[in-house]
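Note sheet for the following structure.
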Amino acid sequence: MSKKTVASLSAADISGKRALVRVDFNVPLDDQGNITDDTRIRAALPTIQDLTQKGAKVILASHFGRPKGVDEKLRLTPVAKRLSELLGQEVVKTDDSIGDEVAAKVAALQNGQVLLLENVRFYKEEEKNDPEFAKKLAANADFYVNDAFGTAHRAHASTEGVTKFLSPSVAGYLVEKELQYLQSAIENPQRPLAAIIGGSKVSSKIGVIETLLEKCDKLIIGGGMIFTFYKARGLNVGKSLVEEDKLELAKSLEAKAKERGVSLLLPTDVVLADNFAPDANSQTVSIDNIPDGWMGLDIGPDSVKVFQEALADTKTVIWNGPMGVFEFDKFAAGTEAIAHTLAEIGKTGTTTIIGGGDSVAAVEKVGLADQMSHISTGGGASLELLEGKVLPGIAALDEA
């Protein structure tokens, strides 16, 4: 799926033209309305700066939170302020995303100026992908750039609908990098390819596990979902989380791995807690010795060694989902050890891809984000791409 990119547009093509750029500025705020993490804003800078340097007039569209209609707390005003600081130029802010005020401010833009539209989700038509709303959004622009990978799995007006009215419709640098890493890892990886899948529920990762069993050489499973596999094997799991309706599925996934010659690794020991709390009493036991009344909240030290050995000779690793309840320091060791392991093997040329969601937070928590080859900015979008699904926001872009 090779898409036309913003890099392929020359200054001659776009100088003086109006670019509608879909970004993902859904950043966290504190109670005072200050941005606590501007990673997503920084991630969009390469695309914005490329367009301004080529003389385009840049119109940015983003969602912010989940408003039901206009919500004063979910205006993009703090984002405009932070973006102005990062770009070193004033960003024009509108109070709406369509209509006369927007048209007037866009008409006044000089080449290289940047304007930020108000939260597109103030209109319910955005998530319904309403063609009339998409047409109004597109009316102020000449061409379209999608640089919001995190919403690419949604067919919304600003991610999919507008492409019907604007040409060219191209991928921004962030989307291009996501596709380059995630797709090549699935379609054409350097082998051995290992996938590490964690998280609490098998049900949310079934699609990914099934797809990866077709593609990878080794599959490592951690997190709460391991107890569904253990119970399916007939082991006692105490009070650990189990999805009773997924026991047969767990058996069939193990059988499928065997049949395909994929090395499927589950932890050999676990760290147990007597209740779900950061200060719970804990003990480490082998998986055959889980007593009643205890629940597993992390993988144990032996499992870490087994996983490290399995990862030592890999050339590509995809990691999605933590090994335990890493929000509790007492049960974070397994997740942190995997992060350190990936940082180490990355130094010897292994491509390490963090596939969105909680694993990103885990890698950032231990300060190793800059040592990974690629950290995906999409949670659901990364998962769907790894599952081999078509993402509407990507499919709608022009072919290269």
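Cβ atoms here come from the backbone N, Cα and C positions, even for glycine.
Features reported for this protein in Swiss-Prot:
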type: BINDING; residues: ASP24, PHE25, ASN26, ARG40, HIS63, PHE64, GLY65, ARG66, ARG121, ARG154; note: substrate binding site
type: BINDING; residues: LYS205, GLY296, GLU327, GLY356, GLY357, ASP358, SER359; note: ATP binding site
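Geometry remark: ASP358 (ATP binding site) versus ASN26 (substrate binding site), CA distance 16 Å.
Other Cβ atoms within 10 Å of the Cβ of ASP358 (ATP binding site) number 18 in total over all chains.
Within 10 Å of SER359 (ATP binding site), as judged by C-alpha distances, no binding-site residues are found among ASP24, ASN26, GLY65. Counted within 10 Å of its Cβ, the other Cβ atoms near ARG121 (substrate binding site) come to 24, all protein chains included. In terms of local Cβ density within 10 Å, HIS63 ranks first among the binding-site residues HIS63, LYS205. Note on ASN26 (substrate binding site): other Cβ atoms within 10 Å of its Cβ, all shown chains, come to 19.
Of the recorded residues, GLY357 (ATP binding site) and ASN26 (substrate binding site) place their C-alpha atoms 14 Å from one another. The two recorded residues GLU327 (ATP binding site) and ASN26 (substrate binding site) have their Cα atoms spaced 22 Å from each other. The two recorded residues, GLY296 (ATP binding site) and GLY65 (substrate binding site), have Cα atoms 33 Å apart.
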